[in-house]
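Asks: Per Swiss-Prot, Zn(2+) 1 binding site is recorded for CYS134, CYS137, CYS193, CYS196. For 353-365, the entry in Swiss-Prot reads compositional bias 'Acidic residues'. According to Swiss-Prot, the N6-acetyllysine annotation covers LYS66, on the basis of similarity to another entry. The phosphoserine annotation in Swiss-Prot covers SER83, SER335. Taken from Swiss-Prot, the feature phosphotyrosine applies to TYR381. Under the heading cysteine methyl ester, Swiss-Prot lists CYS394, citing similarity to another entry as support. What Swiss-Prot lists as region 'Disordered' is 352-397.
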Amino acid sequence: MVKETTYYDVLGVKPNATQEELKKAYRKLALKYHPDKNPNEGEKFKQISQAYEVLSDAKKRELYDKGGEQAIKEGGAGGGFGSPMDIFDMFFGGGGRMQRERRGKNVVHQLTVTLEDLYNGATRKLALQKNVICDKCEGRGGKKGAVECCPNCRGTGMQIRIHQIGPGMVQQIQSVCMECQGHGERISPKDRCKSCNGRKIVREKKILEVHIDKGMKDGQKITFHGEGDQEPGLEPGDIIIVLDQKDHAVFTRRGEDLFMCMDIQLVEALCGFQKPISTLDNRTIVITSHPGQIVKHGDIKCVLNEGMPIYRRPYEKGRLIIEFKVNFPENGFLSPDKLSLLEKLLPERKEVEETDEMDQVELVDFDPNQERRRHYNGEAYEDDEHHPRGGVQCQTS
């Protein structure tokens with residue numbers, strides 16, 4: 001039992017969620033609420049990052065489950081939180097802060113794919129907008145020699161203000177220079193490039209061909225190196241495509257295996273059957289259970305080499321795993337005569353010799369709501385004992 005569920009609620013998972021479920025939840029939410037896509041959701045993005053940072057670490061998660069957020073803040077597992085952007089970059093393969101200072105920003109896109117796409121391979125065209133260096137001014141922002149050091153911040157891009165907070169006590173506040181917007185330089189409006197308006201970069205449409213190889217997995221990343229946003233003086237970042245697999249109506253993927261449930265009738269479980277299965281590459285395979293091979297309810301069997309192709313070894317495949325659900329006939333489906341005949345065909349049942357010490361009881365259908373109602377009525381009864389309800393009482397003389 002966990003002390004509180006706030007972090008689990010933020011990620012939209014249950015307290016018993018696996019690491020894979022946590023990763024999938026963080027991936028979807030981080031991409032949805034990233035400041036580049038939702039500038040007004042900075043606090044939400046921070047909450048998502050903090051929740052994942054704690055729950056993805058086994059020691060921090062154990063501490064949180066026992067003591068809640070307060071236990072994390074008190075520093076029992078390292079204390080404090082990392083930068084939300086650093087967590088995002090490390091998760092999506094973008095490196096940390098130092099790497100970002102040398103390179104332009106990576107751009108992350110989520111691409112929805114089907115299980116068929118991952119089985120057969122596919123090619124998708126993705127249209128996106130990216131920053132490229134303005135070719136009119138060659139990334140200068142204006143005429144040659146027009147760029148000058150910002151006199152307001154002296155080229156640092158930051159302003160420092162001293163604020164007195166009490167007698168003999170001052171506070172130093174650092175903020176982005178409003179004159180140059182943190183660039184450390186400025187260009188006179190008359191000298192600015194007409195194409196980029198002094199920003200040095202322009203937006204450009206880019207069409208990417210995304211090749212999805214056979215056997216790729218949900219959450220796998222496809223990286224286009226150097227295709228991210230460009231900035232003067234920096235190496236371009238990457239475009240990272242994250243695959244997001246939709247649920248399939250029949251199959252569930254488990255590593256390299258495919259899992260499915262199959263309903264069969266009692267006669268099929270006892271006497272054998274043949275069942276067709278439509279595969280993800282539009283073939284039809286037929287599975288056979290021969291007469292005399294009893295299939296029990298809940299039995300799990302597999303077909304070799306009919307699972308998912310193995311990534312980069314597409315001629316090798318995992319297993320198709322099938323769990324059988326045996327459907328029994330309804331009450332009264334046989335007449336007494338036929339039931340007697342069926343009994344003779346089946347293995348002999350064991351008879352019970354009744355004694356006087358035995359009691360006959362009736363077997364009835366189970367009602368899962370019965371215990372809930374009994375529990376509710378019991379609470380109401382106890383409440384009446386401790387807090388009698390108002391009403392008419394007998395008078396005593």
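Don't overthink the numbers, they just go from 1 along the chain as shown.
Glycine residues also receive a Cβ, built from the backbone N, Cα and C atoms like all the rest.
The structure displayed is predicted, hence computed values, not measured ones.
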Asks: Please name which of the modified residues listed here, LYS66, SER83, SER335, is nearest in space to CYS137 (Zn(2+) 1 binding site), Cα against Cα.
Replies: SER83
Asks: Counting only other Cβ atoms and using a 10 Å cut-off, which of the modified residues SER83, SER335 scores lowest?
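Replies: Relative to the other modified residues in SER83, SER335, SER335 has the fewest Cβ atoms within 10 Å.
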Asks: I'd like the number of other C-beta atoms within 10 A of the C-beta of CYS134 (Zn(2+) 1 binding site), please.
Replies: 22
Asks: Could you state the whole-number distance in Å separating the C-alpha atoms of the residue listed as 'N6-acetyllysine' and CYS134 (Zn(2+) 1 binding site)?
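Replies: Just about 55 Å between their Cα atoms.
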Asks: List the same-chain residues at least 6 positions away in sequence whose Cβ sits under 8 Å from the Cβ of CYS196 (Zn(2+) 1 binding site), in sequence order, or say none.
Replies: CYS134, LYS136, CYS137, GLY141, VAL202
Asks: List the Cα distance (Å, whole number) between SER83 (phosphoserine) and CYS193 (Zn(2+) 1 binding site).
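Replies: SER83 (phosphoserine) and CYS193 (Zn(2+) 1 binding site) have their Cα atoms 36 Å apart.
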Asks: Got a sec? Which of these binding-site residues, CYS137, CYS193, has the most Cβ atoms within 10 Å?
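Replies: Highest number of other Cβ atoms within 10 Å: CYS137.
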